[in-house]
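Taken straight from TrEMBL:
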type: ACT_SITE; residues: His258; note: active site, pros-phosphohistidine intermediate
type: BINDING; residues: Lys151, Phe197, Arg225, Thr231, Arg245, Asn255; note: ATP binding site
type: DOMAIN; residues: 55-143; note: domain 'DM10'
type: TRANSMEM; residues: 33-51; note: transmembrane segment
Amino acid sequence: MVSDRRLGDKCVFQPFIVQRRQLRTVSAMGNKVFIIALVVALVAISLNNYLKRKGETRYIFHTEWYDPVSATVNKFHLSFFPRDRSVEMYDLRAQRLFLKRIPVEGVEERDLYLGNTIVVLSRQLKITDYADAFTREQITSKRQRTFAMVKPDAVHRLGEIVDVIQSRDFEISQMKMVQLTRLQAATFYREHEGRPFFESLLDYITSGPVVAMELITTNAVKKWRATLGPTDSQEARSIAPESIRALFGKDKQLNAGHGSDSDISAIREIEFFFPSSKINDDLLPQTTAKLANNTCGIIKPHAVSKGHIGSILKAIKEEEFDISALQIFRMDKVQSEEFLEVYKGVVSEYPGMVQQLMSGPLVALEITSGVHGPQTPIKFREFVGPADPVSAPVLYYSLWSSTVT
């Protein structure tokens, strides 16, 4: 009876023993994860304190890298050290150091803002968030966004206007040429609805293409308003002769440009032209691309980063070419390889060409010409010159072009 009872007790209590063991295992795993996370946080705090004592600044960002081989998104902490422009990467999934601190060419402090992509050792990293409060506070104070628009009367002088923008230390993070419908214009300028000038404003702003831009710099909203100058171009010529409206505007309505008047307006206006999520097609401004008798030109990332957009646009215009469409793009490796596929196995520089195209924002242009007509692609390639800038020093800023089929 005793042995039977013991056997029965063992059978009855066995499930509870197993459950307790499982709970202990789960608890141990949870404790392990917690301890690892705590250690990582303490190491980060200790390193920050150590760097502060040394007087060195470090910015930390959440970044993502899409691995096309495994079709997975890998997440990293990217640390950037402004003193020597070096970086360090920490693998969040593996919970270990992925890349020891090393200097990296092509990564500057101005490139570090949410939504941008940078290339570190051939890996294209998208910046998704700030990883600590210090980075958020420092970067947002230096990297305010605002919205800018070149109006229809001044689009033909876009190169000169972009030159002014870049010379005043604005970074153009997004840009595209669009044609507004009357509905879109009325939605964008809805705060003016009911005013005497509203209908004439809609007539004017829909009379031709506009160029929308997102600008980034310190105190961007205030600085861009000052760069634009007074609303009335005639007044601007009197009190702000170096402003954009003084240089390129005509009067109070044909005044060359628009700028957000507050942080809230900037967010709304940027979202209108560069939506972060899908919106009603009726409200999405459409491209001005003609897709006929044209050629495609690309201002490469290295030329964009050096501030040559304006000078290149001016040079194109001076040679009697028209820019009928324009937009800033950021291409990943797969897109870059596909775009340059015709050169694969043909030119030895192909890997470097792909690397350059994916290294940062580029400006895609649709080039047309009433003067050159069907000969536009040939004439434009002659204007651009050889791909090697040593062979064409006058075009050192390297505008690459190819025929659109």
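Heads up, the Cβ atoms here are built off N, Cα and C, so glycines get one too.
Please treat TrEMBL annotations as automatic predictions, because they have not gone through curation.
Overlay of TrEMBL feature records on the structure.
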residue: Lys151; record: ATP binding site; CB count, 10 Å: 21
residue: Phe197; record: ATP binding site; CB count, 10 Å: 11
residue: Arg225; record: ATP binding site; CB count, 10 Å: 16
residue: Thr231; record: ATP binding site; CB count, 10 Å: 14
residue: Arg245; record: ATP binding site; CB count, 10 Å: 26
residue: Asn255; record: ATP binding site; CB count, 10 Å: 25
residue: His258; record: active site, pros-phosphohistidine intermediate; CB count, 10 Å: 20
(Q) Between Lys151 (ATP binding site) and His258 (active site, pros-phosphohistidine intermediate), how many Å separate their Cα atoms? (A) 7
(Q) Can you work out the mean pLDDT of the predicted model over the domain 'DM10' (55-143)? (A) 90
Q.
Considering each pair of residues in Lys151, Phe197, Arg225, Thr231, Arg245, Asn255, all listed as binding ATP, report the largest CA to CA distance in Å, no decimals.
A. 21
Q | DSSP helix/strand/coil residue counts for the domain 'DM10' (55-143) | A | 13 helix, 45 strand, 31 coil
